[in-house]
Structures are given as C-alpha cells and as structure tokens.
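Single-structure report; data block below.
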C-alpha cells in the first residue's frame with residue numbers, strides 16, 4: 001500500500017501522520033503485522049485503515065526507542081508496551097498516532113456538513129453545550145465536529161478505565177480557536193467525575209484533529225491518582 005509519513009509537533013507532542021492510498025492496498029500487505037490473522041474477516045477498507053494506523057504507531061514508538069507493532073486487545077484497542085500510552089486514529093485517507101509516558105488521546109474527523117450537523121447534534125451535545133458552540137466564532141458544523149472529536153479523544157485517553165461512555169458523560173465547557181475543554185460527569189467513570197480535560201485542536205484540509213493535552217481536578221477533589229492528573233506538557 002502506498003503511504004507517506006511525516007511527524008508534526010503539536011501541543012507538546014509529536015503526531016505521526018500517515019497519508020495512504022487505500023486503492024493500492026493488497027492482502028499481502030497485512031503480513032507485516034504479527035496479528036494479521038485477526039483481520040481476516042475485515043473488509044478491504046478496514047484493513048487498509050488498520051494497516052495505516054499501525055504504520056503510524058510504529059513510527060511513534062520508534063521515536064522513544066521501541067521497535068514493536070501494537071497488537072489488538074480484547075476490546076480491539078491497541079496494546080502498547082509497558083510504561084507507555086498511545087493513541088491511533090484514522091479518517092478517509094489519513095491515519096495518525098501519538099505516544100507518551102502519560103495518558104494521551106488523539107482523534108481525526110472529517111468536518112460535518114450542515115445537514116449532518118443538524119441531524120446529529122442532539123445525540124452529541126445538550127442545550128448548554130449548543131449555546132457554548134454557537135457562542136464561539138466557529139461555524140456550527142465545525143464546532144460540532146470538534147465536540148464529537150474531543151469526546152472521542154478523551155475516551156481514548158481513558159479507554160482502559162471506562163466502558164463505552166455516552167456522549168452525555170462529558171460536557172463541553174469552553175471552545176476557542178485552539179482548544180476545547182470538557183467536564184467529566186459520573187456517567188463517564190465514577191472515579192473520574194469532576195475532572196476537566198483540555199484538548200488542543202487544529203484543522204487539516206477538511207478534517208479536524210484533537211489531542212488530549214491536560215487533565216485537572218477541582219480543588220476539593222483529593223481522590224484521583226497523580227498518574228491520571230499529570231498535565232501533559234504543552
């Protein structure tokens with residue numbers, strides 16, 4: 001499969017972006033993956049996306065001196081080496097990955113059309129969040145895509161501690177031209193309620209990329225482990 005890779009510094013991290021041509025994918029390309037047998041029943045598009053994501057992840061791991069291909073967990077999540085956190089995302093013809101020694105989550109989404117944004121908004125945000133998005137200087141489809149993507153990034157950062165929380169378990173509290181903040185509710189995970197998660201974002205062509213950059217707690221909360229609350233350098 002034809003691919004091109006380039007690293008991009010962002011929010012104190014280095015994103016590894018892989019643009020790929022799914023039409024050039026061949027089944028034998030998967031033999032490069034130790035877990036290729038687990039993809040046997042996947043569709044061609046899914047196989048190409050998975051391969052591109054793992055290529056990006058390998059580049060990210062090499063940055064910290066690790067030569068490995070992340071496997072697949074029981075929830076189909078990437079399995080990272082001990083002591084490292086990572087995240088993979090893909091959309092259309094782009095895959096990306098990031099690695100860190102602290103919790104990290106990344107997501108890429110194609111910007112919604114006006115019709116799609118109008119149709120999906122009630123399932124992604126509530127009335128309070130809608131007001132915040134509409135008060136920003138961003139077009140509503142872009143703002144809603146960012147809300148969706150930020151919530152995906154947050155879930156990825158904590159995927160080992162939560163089980164498929166709904167979009168209503170993390171609420172948008174602010175949106176600017178560079179970041180979006182979310183407040184975690186008990187429905188996200190009881191042990192992480194009252195956390196504020198900041199995600200940085202930027203637009204690349206007709207897509208947005210969000211990255212979890214800092215996790216904080218309210219002053220009265222003393223229950224969270226320090227490893228969860230460590231701010232990722234910006």
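Just so it is clear, glycine is given a Cβ too, placed from its N, Cα and C backbone atoms.
Annotation source TrEMBL lists domain '4'-phosphopantetheinyl transferase N-terminal' at 38-100. Across the domain '4'-phosphopantetheinyl transferase N-terminal' (38-100), the DSSP tally of helix, strand and coil residues reads 22 helix, 18 strand, 23 coil.
Counting only same-chain residues at least 6 apart in sequence, those with a Cβ under 8 Å from the Cβ of residue 152 (CoA binding site) are 89, 105, 107, 109, 210. The feature CoA binding site is assigned by TrEMBL to 46, 54, 89, 90, 107, 152, 156.
Per TrEMBL, the feature domain '4'-phosphopantetheinyl transferase' maps to 103-196.
Here the Cβ of residue 109 (Mg(2+) binding site) has 19 other Cβ atoms within 10 Å, regardless of which shown protein chain they belong to. As annotated by TrEMBL, Mg(2+) binding site applies to 107, 108, 109.
When the binding-site residues 46, 54, 90, 156 are screened for a C-alpha within 10 angstroms of the C-alpha of residue 108 (Mg(2+) binding site), the residues that qualify, in sequence order, are 90. Per DSSP, the domain '4'-phosphopantetheinyl transferase' (103-196) is made up of 44 helix, 19 strand, 31 coil.
The local packing around residue 107 (CoA binding site), expressed as other Cβ atoms within 10 Å of its Cβ over all shown chains, amounts to 27.
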